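Trainee: Before I ask anything, let me first share the structure, which is written out below as structure tokens.
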């Protein structure tokens, strides 16, 4: 950002020759910086050579930045008009928020790179805009004020004030304009990324697992390069669908758990999500105890007319539920499904219809937890590749049961924590020989997405009418066009707008941070 405090501190100076030596850094208790002088001549030469084009380019930036300043000011006033409390929509930003979610080393590195690129483009805009107006910059500095990093372009403030107002606006607005254009480039690259990578990668053919931490509940069930096929019988094509489906499952269980907390011994039964259990299993697995051993799961018989049942002492639905049966979930998920809650198509769409030798039974669900059946394939595993070669045919995914190329398992627990616990990519390498490059699309998506948000945030912050940012200089220069204001009144209006804008901005930022934390 073109730091106004630095320019005012140097306003009594005149332009110095570029070859004169300068101190390369400044250090104090609350501020330190590193100054760069080597780029001055190159930037000035570039700005002068393409001055006509650059002035047109930055003129468009002035129009956009001025509209951004007005828009952000209106948003601040509108937001402050309501009572000071968190609205319900603020709390519903993400229904799968995970307390204590931390950034990985890769995410931290991507954020740092995105910030460096966004800040560099912002300051490059200021420097080139100044050069196109015939103004040589004094230096570019990277600084750390207290704990906040940043960058600035320093130039002689007296010379800026001697320029026409619109020329000064082109310099002040150049950084915001470059951030906006960088956001547009990132958005376009994200949109075209599937097309660019199409010759080498499949897109939205199923989310590929890139990493499963040891702390994840899915560790031991999913491995890197596995592909998630379905959740509860619903096909999953992308990481976004994975999160959406998990959110739906989580939303369905919350009302039940809230209701059931009133009864200590109550447990929920998902009456429309069942399996056709052989009667021989049913007879052998009858249990008179309230709970099953750790390796087994409690099931009860359901009928088609029951959408949900409660098991507990004194329940009115007691006659609808038979004795408990303790069954191994890993074997049950291989059986035919019954009930109306499964999302299946074609001939698999069911009904509660099981054969005469089978009973439709549903798992007893612990309040606050969900029963989720996850099907996956392992197309890049050595077993699957060997099977492909032996069959000399394309592998066909099997959504039920286990094969050498995948299988199904049941997760019973907290959905939000497990939804974020694994790394997923929407891209799959077309050939197993390039499986090592599976992380490349993920890193590109992360980098472009993070750069878009960081650049947008930087441009938005500099559009705010607050002290020490570009918005202050833009507002001050814009007020010069109001000719009926005396210089004294103009300074008063400027101080009032900056003080109000700074106060409202701080309140808004604190509210956002509070809603996130």
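Glycine residues also receive a Cβ, built from the backbone N, Cα and C atoms like all the rest.
Annotations in TrEMBL come from automatic prediction, not curation.
Since this is a predicted model, take the numbers as computed values, not measurements.
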Trainee: Would you mind telling me which of 139-157, 196-214, 215-233 TrEMBL tags as transmembrane segment?
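Mentor: Feature transmembrane segment in TrEMBL: residues 139-157.
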Trainee: In TrEMBL, one of 19-43, 169-193 is tagged transmembrane segment. Which stretch would that be?
Mentor: 169-193
Trainee: The transmembrane segment (169-193): which same-chain residues, six or more beyond its ends, come within Cβ distance under 8 Å?
Mentor: 1-2, 55, 57-62, 64-66, 68, 117-118, 121-126, 128-130, 132-133, 135, 160, 163, 441, 444-445, 448-449, 451-452, 455-456, 458-459, 462-463, 470, 473-474, 477-478
Trainee: I'd like to know the mean pLDDT over the domain 'Peptidase M50' (112-481).
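Mentor: On average, pLDDT over the domain 'Peptidase M50' (112-481) sits at 79.
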